[in-house]
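The structure appears below as structure tokens.
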Amino acid sequence: MAPSIRLAPAARSLFDEPLAIAVQGLGPRQQVTLRTSLRDETGELFQASARYQAGDDGQLDLARCPALPGGSFSGLEPMGLLWALQPQKPFWRLVKRDVQSPFLLQLEVFEGHGERLGQLLAQAQHERAFLRDGVRRVPVREGRIRATLFLPPGDGPFPGIIDLYGTGGGLPEYRACLLANHGFAVLALAFYSYEDLPKGMKEFHLEYFEEAVNYMLQHTQVKGPGIGLLGHSKGGDLCVSMASFLKGITATALINGSVANVGAVLHYKDITIPPLGINRKRIKVGKSGIADIIDVLNNPLEGPDQQSFIPLEKAECCFLFIVGQDDHNWKSEFFAVEGSKRLQAHGKAKPEIVCYPGAGHYIEPPFFPMCAASMHLLFGKPVMWGGEPKAHCEAQIDAWQQIQAFFHKHLTGKPSGAPSKL
């Protein structure tokens, strides 16, 4: 019997779902190398490989068989061939631009463990999709709002969330639609560098975000009385500002966010919050040419920079801080702890803080490969984001459960029943 690859689900799975990988029809204890390949929408190639030895029966099940040293990872890692994918082009990050089409994953089995790949024994293709059947994608162009709304299958109404990304700008939709697969109405909101929105990050007006909040609160498919906010990086401090000044927000989750306003002046009515000061002299550049910007921001507890601290004690919502303890973009854990102190000093509930050792800045939905370094738009050079691939992958799986459980609890009043995986 010729070797073949067995996948479950067989042909297609959602990107944040596990994929079971096995090979059958090998010789007893046969040594093989497995390789995965995936091209993003710009054509850039991501690859991972691992060395294995089949069992006495010629079967190889990645859920039971550890990878041997010498590949992209070693040890028992059933999803290693996905989370260990690395770009062949330096400083490139895997993102999904068109969520309506899947990523195509190529799997190959090669003879032996040599530096040069041996004979090709088996191959298979698998689609990693972003939209569950029945999820509706609705482009939103109402007033000034530039966004995409994702609605789960069924009649609704559904708990509503606004999703914000960071300094990359544009309109990333992949996290919003993956969340919608789990029963939330999610608005992926652009806030700069998209269509007719401002091209640069000079200043933001909270009235724009207020329009988006009101859009969600008035939507017939959104279950009130309040909505949730989810923000990563710069999107995180925008969510803190929204929660602090705007009505109708019940729960705010930040992924490596800041409690100080960063990068741009923030206006709301007659209030202005300046951006936290930066000192470019504190950039450290290693031999690789990659910049470490962890110390660039000033301390929001000192001097005039205190004016940048967002008054989150005004918020009428619950907070969840997801923290990568190896975040090299900025000091996420410090921001979470100072935010917690500020809330408690004003008699507010202590926020949930979930810390992940070995996780870097880009904590994405599960099974996105860790991006160790890529171009930073504000600094104009590649910067390190931090993280150790295996720990980062485990953090992404757990954080995804934590975020959903947090929103289920505060937006529906019901626990999701998703236990922590770590």
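Cβ coordinates come from backbone N, Cα and C, glycine included.
Going by TrEMBL, these are the annotated features:
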DOMAIN    205-412  domain 'BAAT/Acyl-CoA thioester hydrolase C-terminal'
ACT_SITE  Ser233  active site, charge relay system
ACT_SITE  Asp327  active site, charge relay system
ACT_SITE  His361  active site, charge relay system
Can you tell me how far the Cα of Ser233 (active site, charge relay system) sits from the Cα of His361 (active site, charge relay system), in Å?
8
Cβ-Cβ distance under 8 Å to Asp327 (active site, charge relay system), same chain, at least six residues away:
Asn256, Ile294, Glu333, Ala359, Gly360, His361, Trp385, Gly386
What average pLDDT does the predicted model assign to the domain 'BAAT/Acyl-CoA thioester hydrolase C-terminal' (205-412)?
97
Just counting, how many other CB atoms are there within 10 A of the CB of His361 (active site, charge relay system)?
26
